[in-house]
Each structure stands twice: as C-alpha cells, then as structure tokens.
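Trainee: I'd like to ask you about the structure that follows.
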Amino acid sequence: MSVSEIFVELQGFLAAEQDIREEIRKVVQSLEQTAREILTLLQGVHQGAGFQDIPKRCLKAREHFGTVKTHLTSLKTKFPAEQYYRFHEHWRFVLQRLVFLAAFVVYLESETLVTREAVTEILGIEPDREKGFHLDVEDYLSGVLILASELSRLSVNSVTAGDYSRPLHISTFINELDSGFRLLNLKNDSLRKRYDGLKYDVKKVEEVVYDLSIRGFNKETAAACVEK
C-alpha cells in the first residue's frame with residue numbers, strides 16, 4: 001500500500017467518525033431543547049403562585065421526560081455501545097442537567113433524594129456500564145450538586161411566597177447531602193470544584209432559616225434553630 005493510499009484510508013476513518021459525531025450532535029441538540037422546556041416549567045415554582053402548582057408542574061415535567069427517553073433511545077443507535085466514553089463529552093453536560101431536573105421533580109414530589117437507579121428509569125437508560133448506554137456515577141453526582149444550588153434559591157423564594165417551613169426542610173435535606181458527599185473521595189477535578197460550591201449552598205439556606213427564627217415567623221423553624 002502506497003503512502004497516499006494509507007492516508008486515503010485514514011481519511012475514510014476520520015470521515016466516518018465525523019459523521020457519527022454529527023449524528024450525535026443532532027440528537028443532543030434535541031435533548032438540550034427538551035431539557036430547557038422542562039427547566040422552564042419547573043422554574044415556575046420559584047414564583048409566588050407556583051407553589052400551588054407544584055403537583056401539576058411535576059406531572060407535566062414527567063410527560064416531557066417521555067420525550068427525553070425517545071431522544072436517548074435514538075442516541076444509543078448512533079455509535080457502538082462499547083465506545084460510550086469515546087463520545088461521552090457530547091452528551092455529558094446535558095445528561096447532568098437531566099439528572100438535576102429528574103432529581104428536582106422527585107424532591108418537589110416527596111422531599112427525598114432520587115437514587116441513580118431511579119434516574120435511569122426516568123431517562124430510560126442503564127445504571128451499569130456493562131449494559132451499554134448508562135448513567136455514569138460522576139454525572140449523577142454532578143446533577144445532584146446542581147439540585148443543591150437550585151434548592152438554596154428555592155429556600156429564599158419560599159420566604160417571599162410566605163412558605164416559612166419549606167426552608168427548614170430544604171436545610172435538613174442539603175445538610176444530609178453535604179454529609180453524604182463528605183463520605184466520597186472525589187478524584188474528578190470538575191466534580192470536586194462543583195462540590196466546593198455546596199458549602200455556600202448550605203450556608204445560604206442556614207442564613208434563611210436563622211433569619212426566619214429570629215424574626216419569629218415559624219415556630220418549627222425557631223425550635224430547630226434552638227436545638228442546634
């Protein structure tokens with residue numbers, strides 16, 4: 001085989017991979033659009049009237065996750081399953097965003113932390129890498145940290161809306177998250193930096209709870225602060 005033939009063959013490989021990446025990008029763009037629609041829907045809970053609409057908004061968000069499943073099913077067909085991490089960078093950020101959105105829905109519904117397995121059911125993907133297109137542990141953790149930031153914001157807006165007990169519940173939840181993350185030995189630089197922001201979320205919520213307690217808005221809040 002001549003030198004030119006070798007490079008022609010290599011160009012064929014490069015072109016084929018570029019085609020794969022282009023197909024992946026198209027699906028990821030659709031995922032990003034659906035994620036924006038879900039986020040817009042859930043952002044309504046930060047508004048005064050949005051608190052009464054939480055069940056309705058969560059139900060509607062779950063309907064949108066049906067579209068997410070369809071897009072992810074399509075994405076799985078665009079590349080060989082064993083090459084997941086070769087193309088992972090294309091969908092990593094939108095998948096983390098979808099984890100956050102799924103976690104936010106579950107929290108609004110039950111004030112609990114969604115498990116990684118439950119997220120994979122919502123998204124229609126696998127929990128284990130051996131089974132193909134899956135939810136990487138670090139992507140799950142990143143999504144959970146985005147949730148913490150969103151909840152710290154919700155604690156402030158809850159007070160504005162006159163819901164004085166919600167910040168206490170959020171404070172308990174975020175402190176439990178912080179305790180959980182302290183058990184992990186995080187090696188991923190991006191994840192570790194994002195975790196550094198969790199302490200600010202914890203502090204922000206604690207300040208809201210403390211402010212409520214000294215102003216006497218909520219007996220439950222005040223009692224909890226006295227116990228501390």
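Note that the numbers count up from 1, one per residue, in the order the chain is shown.
Including glycine, each Cβ sits where the backbone N, Cα and C put it.
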Trainee: Out of 21-25, 76-80, 86-90, 216-220, let me know the one Swiss-Prot marks region 'DNA/RNA binding'.
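Mentor: In Swiss-Prot, residues 86-90 carry the label region 'DNA/RNA binding'.
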Trainee: Tell me which of 45-66, 111-132, 177-198 corresponds to the region 'Leucine-zipper' entry in Swiss-Prot.
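Mentor: Result: 177-198 is the stretch Swiss-Prot calls region 'Leucine-zipper'.
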Trainee: My understanding is the cutoff is Cβ-Cβ under 8 Å with a sequence separation of 6 or more in the same chain; which residues meet that for Ser190 (phosphoserine)?
Mentor: Ser142
Trainee: Considering the modified residues Lys187, Lys199, which residue's Cβ sits among the greatest number of other Cβ atoms within 10 Å?
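Mentor: Counting every other Cβ within 10 Å of each candidate, the maximum falls on Lys199.
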Trainee: Taking the Cα atoms as reference points, how far is Lys187 (N6-acetyllysine) from Lys199 (N6-acetyllysine) in Å?
Mentor: 18
Trainee: Which of the three DSSP-derived classes (helix, strand, coil) applies to Lys187 (N6-acetyllysine)?
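Mentor: The residue in question, Lys187 (N6-acetyllysine), is coil (DSSP, three-state).
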Trainee: Helix, strand, coil: count each for the residues of the region 'DNA/RNA binding' (86-90), based on DSSP.
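Mentor: Reading the DSSP string over the region 'DNA/RNA binding' (86-90) gives 5 helix, 0 strand, 0 coil.
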Trainee: Sort Lys199 (N6-acetyllysine) into helix, strand or coil using the DSSP assignment.
Mentor: helix
